[in-house]
Amino acid sequence: MRKDRLLHLCLVLLLILLSASDSNSTEPQYMVLVPSLLHTEAPKKGCVLLSHLNETVTVSASLESGRENRSLFTDLVAEKDLFHCVSFTLPRISASSEVAFLSIQIKGPTQDFRKRNTVLVLNTQSLVFVQTDKPMYKPGQTVRFRVVSVDENFRPRNELIPLIYLENPRRNRIAQWQSLKLEAGINQLSFPLSSEPIQGSYRVVVQTESGGRIQHPFTVEEFVLPKFEVKVQVPKIISIMDEKVNITVCGEYTYGKPVPGLATVSLCRKLSRVLNCDKQEVCEEFSQQLNSNGCITQQVHTKMLQITNTGFEMKLRVEARIREEGTDLEVTANRISEITNIVSKLKFVKVDSHFRQGIPFFAQVLLVDGKGVPIPNKLFFISVNDANYYSNATTNEQGLAQFSINTTSISVNKLFVRVFTVHPNLCFHYSWVAEDHQGAQHTANRVFSLSGSYIHLEPVAGTLPCGHTETITAHYTLNRQAMGELSELSFHYLIMAKGVIVRSGTHTLPVESGDMKGSFALSFPVESDVAPIARMFIFAILPDGEVVGDSEKFEIENCLANKVDLSFSPAQSPPASHAHLQVAAAPQSLCALRAVDQSVLLMKPEAELSVSSVYNLLTVKDLTNFPDNVDQQEEEQGHCPRPFFIHNGAIYVPLSSNEADIYSFLKGMGLKVFTNSKIRKPKSCSVIPSVSAGAVGQGYYGAGLGVVERPYVPQLGTYNVIPLNNEQSSGPVPETVRSYFPETWIWELVAVNSSGVAEVGVTVPDTITEWKAGAFCLSEDAGLGISSTASLRAFQPFFVELTMPYSVIRGEVFTLKATVLNYLPKCIRVSVQLKASPAFLASQNTKGEESYCICGNERQTLSWTVTPKTLGNVNFSVSAEAMQSLELCGNEVVEVPEIKRKDTVIKTLLVEAEGIEQEKTFSSMTCASGANVSEQLSLKLPSNVVKESARASFSVLGDILGSAMQNIQNLLQMPYGCGEQNMVLFAPNIYVLNYLNETQQLTQEIKAKAVGYLITGYQRQLNYKHQDGSYSTFGERYGRNQGNTWLTAFVLKTFAQARSYIFIDEAHITQSLTWLSQMQKDNGCFRSSGSLLNNAIKGGVEDEATLSAYVTIALLEIPLPVTNPIVRNALFCLESAWNVAKEGTHGSHVYTKALLAYAFSLLGKQNQNREILNSLDKEAVKEDNLVHWERPQRPKAPVGHLYQTQAPSAEVEMTSYVLLAYLTAQPAPTSGDLTSATNIVKWIMKQQNAQGGFSSTQDTVVALHALSRYGAATFTRTEKTAQVTVQDSQTFSTNFQVDNNNLLLLQQISLPELPGEYVITVTGERCVYLQTSMKYNILPEKEDSPFALKVQTVPQTCDGHKAHTSFQISLTISYTGNRPASNMVIVDVKMVSGFIPLKPTVKMLERSSSVSRTEVSNNHVLIYVEQVTNQTLSFSFMVLQDIPVGDLKPAIVKVYDYYETDESVVAEYIAPCSTDTEHGNV
């Protein structure tokens, strides 16, 4: 070791003797700085420094990519010294990115400097974000959202968005928009959810021009908005030194008032490991009544929580539940407190990243406790390079201390600084958590300089706030000899942010005699262009070409140039009053406003659009180092001529590769440098004897270490809080009637005027809550701006709430409760009135008083016993009015509010008749040809009709689809809960749109309505899709169902036809077609898969030929060409089937023949079509110019009815297929075809129900399809009219006229007499469509039925208080009819008045293999049973009392065959305590 040191010293002496003194050089110096990452289509800068020029030169920059060479800039420079930055813009490139060569040339008469280096060129990517109007939606609501695009400077981009789509939780695409042009950088879209969407997480997906994919999630679920919020205040951090912890729990209504009730709080520490079997988690629980402020506060001793014991999580889990007084509504909130054993913690808040010999090394530390609270006046220790020498310092009142290290005599290359308060304790106890005193450490490398000249930018602590000018201190030490003959030295600086040079400048320093030490200040405005991170580089070139410089990083507040302010005026306003939303932004900004009920945000907090979230979209926030594929610099390839360097007679021997140099500063900022100056430290290529540890230590012992005595001013961010304007208020309104309760209130785009202001007049909704509003604005000049949240509290000093049941049966008695709440600070005297009505009788239960005294934050509840007298919807109007009174409330004087002295709430009660509702419909198509046509209408009622329940109406329409168009989403008075039934909500819209298009009657209003139904129906149908592309009646629920061939074909053709009107994902069509092709057998027929719910058509559909005919029809209606292989093969199957069918007996295969006739017609096989139609004509039922077809095995019609029953579903369906076969005859139907079709249509129209549908789903779909084809084939525009007169035998008579102007208008009148005899007369010269609908209730009677039904309650009698409020409904059913099994059966259980089903117990029924689905709809429970046989099925579920009702009437349970609705049975049940005279149910 000693020998090596002697050899090293000898070598150094030899080099000194051989070295020659270097002379100062005044050669021209060049430096060009360009970012290594360049974005296209946006201005970029490169900075040029020329020094000591002695001739005019041309500076040029060019970019070479592929075969293209593009000039970026050219500058002619005549000045001796020049520093400036030049702007240039790159055009968009074909690829998203490419590596290019940047060439710099500086050329003059004697100068020719050339450098070439790589840079990465990227196409500019827009920053796209999505905002929804709220974070969660209920089924059936409309999702509204905005798509916004800005560039990297946050200015709006009017780009073309190639694709936007919505995905449901199964990742099915349910909507899409293509080639959407953004205007002013924004576009607003909306999408209606179906009434039964898949619940879960949805997402909006945006694909940008550059190929980027942005996703924004939202949730769809059924929910009830919370009335109040539970706020839990616990310390974020609990120290093991704490003896007590304060827990505060408050309940606050969304309108800001305290909640009365009981709070229960539990505090738990869970075990940290499951293996701790010898311990149990520690929990404490307490309950208290909330005080008048809606809060409780409790001190908990930490010993009870064992916070110093090991084996538990270092967390305290707090759960608080508040049960609201009066309603027992519970809301829960959870919080977690971290438990820390950190007693003190030191951290560097401001420290030099490197050190420079001769410039003090500065550092600032902050001492905090485990909760982050500063510890003042505390002594701590400072150690340098782990030496045995320590210094110390004391923190100030803010817990801060600043110190410096004198670096003059430091000769090593690394500085290791450690600060600590307590020496580490190596002892450890397994049962107790030990105190932890954390120190901090920092390593700084030395900066290399040949001359010992340095410049240093002092770091700044914290984040710099926008809107002020920041001053940066630059310290320097300069070797006078290195200055040569300079009289002044120019320091140049530039600032980079987001990877772009944004600022530049120069500071000139006079050169003094002798070595120079000192500092100067640089300042720059802190604005959005330097956020979020600014990097400053300062440098100067000495005469010999050495570059001295430094770089520093500054954290900048995320801010935007467009300052947006949003405020409500007034900030508190009563419901239904007028308010103003004021927006201030950069002039001509377009502002997007949103205001949401705070309850929505309480239920589903969302990641709000904020300045931070927008900054997170930036592709480059801070450019550090070079991109991987351009990390090559020409200078890096230089050779190393010798292992030492001589400068001014001194020898420099590199000791470490960790030293920093100018090149490392530039590279750290991502800057490419083109220069002939000295920016690198010398390279060490040979092994140099290392310096001993002792030598390193001595270097630091000589360092002076001391505390800098200067005050510290923390640099904290400041925000301007603009108070809401409370000067304006709405005028006095004597009374409010509240009925408008939205979840999203404001969703608008508003343009700001040239003064930068916009004011929007709004009407406050009726919800008593707090509305949270936000806005973002877009300006071409100022870019994007985002407001802070503005609030409006919708509130009135007192209001009334009503409690009543959803429905009652006439004769029942219920209690109507009205609660008046007073939130005025003073007492008021209130008069509460229930508006009288002939529709009900009411008597007040409490002692009748003219007015009631209600003091501040108190409530008064009044009740009435109500007996409804009329049927239908009955309105109850309750008003609470503050009265003038000289009478005292207690000891207080009564006050009257200045505004909103009266509050009125109107709620509707459905009063139903006793018994079971029946509906009879009489429909006909009547054509007058100049002569009068009369019909007799005899309306009779059965003997068991319920008094006053009968009502009838008469309707006239001029269009064959008029009735269906009026009720397109309500064609059947039946549930739609399966995949087939949903299609009756979907398919008819297509037929209506096609028909109105063909007849040129389609209006925008009708189109918008039908398209909306298609969109929601499409969503619903996807619920029944299988992964393989098939569909089944109830979807892939519980893995019980296979894909259904028939339903898949039905959905496939309907989706394909809907493509003309709405977006349908092609993947759904392709997958279904593929699945069906796999079902095709070698003989061309299709294999049956899955189960059908309608046995009436199973005989045909399960037969290969019938199913194959149906599937072929579906494929042809897509339409697939006849030449398609699947269709061509199917034709072989159908031809074989017809050859078999025509050999059958009379009446057999009627359904199959009807399908084959239509299929051959679509295939263009007219010979087969005619052959089949002739065969069917022989089997037709013809009567009174009406034609239809029946099944041979048709069930017998019930006897003893007043009216002929509606035709079964299967017969309407097969008759409609025959009609389609006539109408699709090619090349066109003959006059004979149309005559036959007219007689068929007349029969079909007579089967139509009051809503325009038929008896079930498939007959409705096929019949409306056929009627639409008939209507289009026979439609003619004529000026002729028709008159319709309806009159009775007395004085009633009404006339209607039908002409071209009112073809689609539903003309309707109520008929006065029931029972009654009416005469209908039609005159004129056109066809009209007449319909009479009669409804009445009958009392249940024992009848023969193919179903056996038994219903009972558990308990059966009123055997205790619990039976008043809850009981179980149990029922059994079986099928006793002529068939082996029923079709799908609906069990419809109506609730007893005042009771509601317990939904979880209903849902559990779906676990049964016989139950396919359950629904809770209003006051009914629906159970879908796939089929019922002679085996008894049992079901049961619980019901709970919601509202007390007295004199309870029995409720009805109805079981019916969905496809043969005449097959039904009805039974009654009664609540156990409905006849309890002692307690009653009230």
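A Cβ is built for glycine as well, from the same backbone N, Cα and C atoms used for every other residue.
Looking at the stretches 328-378, 685-735, 1348-1398, the one that Swiss-Prot records under the feature region 'Bait region' is 685-735. Considering only the glycosylation sites Asn69, Asn246, Asn932, Asn997, Asn1430, Asn406 (N-linked glycosylation site) has Asn246 as its nearest partner by CA-CA distance. For Asn1430 (N-linked glycosylation site), the same-chain residues that are 6 or more apart in sequence and have a Cβ closer than 8 Å to its Cβ are Ser1374, Tyr1375, Thr1376. The glycosylation sites listed here are Asn392, Asn753, Asn932; among them, Asn392 has the most other Cβ atoms within 10 Å of its own Cβ. In this structure, the C-alpha atom of Asn54 (N-linked glycosylation site) lies 30 angstrom from that of Asn69 (N-linked glycosylation site). Non-local contacts of Asn246 (N-linked glycosylation site) by the CB criterion (under 8 A, 6+ apart in sequence, same chain) comprise Gln233, Val234, Pro235, Thr297, Gln298, Gln299, Val300. With respect to Asn932 (N-linked glycosylation site), the closest of these glycosylation sites in Cα terms is Asn997, chosen from Asn69, Asn392, Asn753, Asn875, Asn997. Ranking the glycosylation sites Asn69, Asn392, Asn875, Asn997 by the distance of their Cα atoms from the Cα of Asn753 (N-linked glycosylation site) places Asn997 first. Asn997 (N-linked glycosylation site) carries a helical DSSP state (H, G or I). For the recorded site, Asn246 (N-linked glycosylation site), the DSSP three-state label reads strand. Using CA atoms as reference points, the glycosylation sites Asn392, Asn875, Asn997 were checked against Asn69 (N-linked glycosylation site), and the closest is Asn997. For Asn875 (N-linked glycosylation site), the count of additional Cβ atoms within 10 Å of its Cβ stands at 12 [all protein chains shown]. Taken as a whole, the region 'Bait region' (685-735) shows an average pLDDT of 34 in this prediction.
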